[in-house]
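All remarks here apply to the structure that follows.
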Amino acid sequence: MTTIVSVRRNNQVVIAGDGQVSLGNTVMKGNARKVRRLYHGKVLAGFAGGTADAFTLFERFEAKLEMHQGHLMRAAVELAKDWRTDRMLRKLEALLAVADAESSLIITGNGDVVQPENDLIAIGSGGNFAQAAATALLENTDLGALEIAEKSLTIAGDICVFTNQFKTIEELSY
């Protein structure tokens with residue numbers, strides 16, 4: 001799987017992800033880009049789960065963003081509805097972490113849209129490690145969102161065998 005972490009602090013939101021693609025116990029690729037900018041660069045998105053599944057979801061989510069003029073919550077809810085009801089989409093196994101200047105959300109394959117506490121998201125196989133690290137850094141340091149996301153992803157990569165140290169980081173200031 002992978003690790004994706006999103007941190008919001010001081011008018012900045014960041015989504016960061018590692019680059020490892022695994023097939024069973026084998027590393028197939030180490031530099032995959034699992035974090036992207038969508039909707040004219042105003043929305044950040046990262047995925048954990050099957051790579052092909054996630055690209056399908058990115059395309060669908062971007063279409064929903066266009067349909068709803070970039071309104072993140074509305075697009076997320078509409079994607080989640082489709083994910084629950086469409087037979088093809090229901091088979092996709094991935095999680096999306098998405099954020100814009102106002103909200104950070106997790107979109108699940110069960111059709112859930114979750115707005116996390118403290119605007120902190122950590123998903124994927126190393127998500128628990130990244131979340132613990134990011135929480136500690138948020139509560140005990142004055143580091144910015146970018147530094148917290150990067151450090152928590154590094155810690156997750158040191159612990160989780162399905163997470164490596166290749167990082168893709170996107171940030172949005174508002």
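Placed from the backbone N, Cα and C atoms, the Cβ positions cover glycine too.
Fair warning: this is a prediction, and the values are worked out from it, not measured in the lab.
Cβ neighbour count for Thr2 (active site): 29 (other Cβ atoms within 10 Å of its Cβ, all protein chains included). As annotated by Swiss-Prot, active site applies to Thr2.
Swiss-Prot lists Gly157, Cys160, Thr163 with the feature Na(+) binding site, giving sequence analysis as the kind of evidence. Annotation note: Gly157 (Na(+) binding site) sits in a helical segment as assigned by DSSP. All protein chains shown were included, and the count of other CB atoms within 10 Å of the CB of Gly157 (Na(+) binding site) stands at 22.
Around the Cβ of Thr163 (Na(+) binding site), the number of neighbouring Cβ atoms within 10 Å comes to 29. In the shown protein chains, 21 other C-beta atoms lie within 10 A of the C-beta of Cys160 (Na(+) binding site). Distance noted between the C-alpha atoms of Thr163 (Na(+) binding site) and Thr2 (active site) is 5 Å.
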